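Just below is one structure, and these are the notes that go with it.
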């Protein structure tokens, strides 16, 4: 989860988030180079009175400042499209989990198991144990197996919500009457926190999400 005075993104837990962080750094470096070039050009224009008359109507310069931005856009678009297709790839998910947004809590249903469903409410402050986080802890954590492809079906019962876990690189809208599908996976065990990221009402920030990833054998024991 995020820490105080943190400037960067949260540590990646899934392969998708690792790709998103790499793309973020790639795009940020391109922006930094473009900003430096523009600043350098502006400083030259403000500090010199020299005028290169030979380049005022040069076709070569016009071709360069037309083609170069197109190349830069391609350098940004290709990795972006690659990550987009990776997030939409669903190949034999290990299990399917359905999340339904309510005012102001989440309901979870394990479609591959009979009678395995529960509601997840925010934990009141006076019930918190030492080490638990205020406004982020829930009474029923969502338990999932690590190193497995998990298909998430997200919907809503009343208003628009948004199911988001930053460290996994997943965020999708929960829309009444519609199922949105995402894929998630964790490469390590642990607790990972998220929240409703849609302004769905006065208490939208009190809809926390806690995912607990455990080992396969422990998950089968828990699910049974």
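Using the three backbone atoms N, Cα and C, a Cβ is placed for every residue, glycine included.
A TrEMBL annotation is a machine prediction, not a hand-curated record.
TrEMBL lists 1-91 with the feature domain 'Cytochrome oxidase subunit II transmembrane region profile'. TrEMBL lists 92-224 with the feature domain 'Cytochrome oxidase subunit II copper A binding'. The feature transmembrane segment is assigned by TrEMBL to 21-43, 63-85.
For the domain 'Cytochrome oxidase subunit II copper A binding' (92-224), residue counts in helix, strand and coil come to 17 helix, 61 strand, 55 coil, using DSSP. Mean predicted confidence for the domain 'Cytochrome oxidase subunit II copper A binding' (92-224): the pLDDT average there is 91. Residues 9, 12, 72, 75-76, 79-80, 83 of the same chain lie 6+ residues outside the transmembrane segment (21-43) yet bring a C-beta within less than 8 angstroms of a C-beta in it.
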